[in-house]
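Take a look at the structure below.
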Amino acid sequence: MCNQQAQQENALISAQNHGTILVMVAWFLACLLAICTIARVIARYRSEHLRHLTSTDDIIIIAASIFALGSTVIISTALDSGLGKKNCLLDDGDLEQIQLKLFVTTICFVLTISLAKSSVLLFLYHLADNTFRRASVLAVSVLVLVWTIAVLGGTVFQCELPTPWMVWTGKCIPLVPFWMIATIFDVVLETAIIALCTHRVWTLRESCRQKTLATLLLSMRFILVAASVIRLVYLQQAYGRNGDPAFNSIPYAVATQSQTTLAVLIVCSLCLKPYARFEASRSQAPKHKFRHSKHWSGSITIGGTPYESYNSFPPPIIREPLLSIQASMSQPNSPAVSRHSLNDDILLPDIPVPTRSAKRPLRPPPPSEEQRPDLSMFTRNITIRQPPVVTRLGALQEKQSYNGLRVRNLT
């Protein structure tokens, strides 16, 4: 029962005024948010392991922090207008001011949540190492953009113009089903982001300790899911036209402010060492340069597309001066040789090569004649042959005729 006489002037929290609870929670989280945002920006430009982060991420986080702090300031002015009090303590002007400030706070809430999700998705896009993972991140990003446009459009045109903020006294769309659907989609998107983060963290080539620590930090995003569930529980009280909406909307406003601030705080945690190490290792990884072009492999195709075999390409040829090659053969452990003789496409393991002995070993004694193999079959012997004696037939006939004439003369 509302009694104006029972309202104590010096009481911050009473049975008819709970607005102080909202302000205490909102400003505590706002101070924590301001400290974390400033620390994150300072660490971004002073720490060596954070200089690989892009400036786009800084702009997104700063913009989300501004919207979150602006929401806290506006909700504080709504308290001065009478937010958290019974209807018997408010007039029509106070109710209109409260509805207007809650309308602006709602827009800041939607923008903050969307920017916080965008920062996480940008982080995941930088960690993606193939086309499928980039496409998954882009698909969730498109859904976040569609959700943001739909919720902002529904909020701006939720009630009859020119006063779209009169949610308690004006002619409006069914706000409870609208915000129920919007909150459920928000929970689904948040769950998808958590699943993408967890999957990407556990596919990185890092130690199990680093992955576990990153997963524990990632589990803080379930707080945002819990805040969305609490908002669903108190949704009917916040947008109900019966009773005391300014008084009954305090739990819903506390959950909304907590979700707004914690969303930015959790995004700022991405600059911590586990996540920063993941992104630094990804950005500093050697990028392989493909020196070949696509070709058709003849009859071997996959789905009508050219098939490329990694083993079908010859290894890269290293051209070096002769002196450099001789130096690398004589001194394999020389840092100068290992630094200049290998290009970026060849990675060798850091295995120590044993150094050569300065003293040469003694040569074995020569084998004896019995131990030597018979190599006579491989020697070339030169043989000189005399030509055969040849007698001409004409000379023999002349000699016989001469001998016959001589015999006749003697007889």
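Glycine too: its Cβ is placed from the backbone N, Cα and C atoms.
From the options 316-345, 346-375, the stretch TrEMBL describes as region 'Disordered' is 346-375. As a quick check, the transmembrane segment (99-125) and the transmembrane segment (254-272) clear the bar of 3 or more Cβ pairs under 8 A, pairs 6 or more apart, so the two touch. The highest tally of CB pairs under 8 A with the transmembrane segment (20-39), across 59-79, 137-158, 178-201, 213-234, 254-272, is held by 254-272.
Non-local neighbours of the transmembrane segment (59-79) in the same chain are 19-20, 22-23, 26-27, 29-30, 33-34, 37, 40-41, 97-98, 101-102, 104-105, 108-109, 111-112, 115-116, 118-119, 122, 253, 257, 260-261, 263-264, 267-268; each lies 6+ residues outside the stretch with a CB under 8 Å from one of its CB atoms.
Away from its own ends, the transmembrane segment (178-201) comes close to residues 113, 117, 120-121, 124, 127-128, 133, 136-137, 140, 143-144, 147, 150-151, 154, 158, 211, 214-215, 218, 221-222, 224-225, 228-229, 231-232, 235, 239, 278 of its chain (Cβ-Cβ under 8 Å, at least six residues beyond either end).
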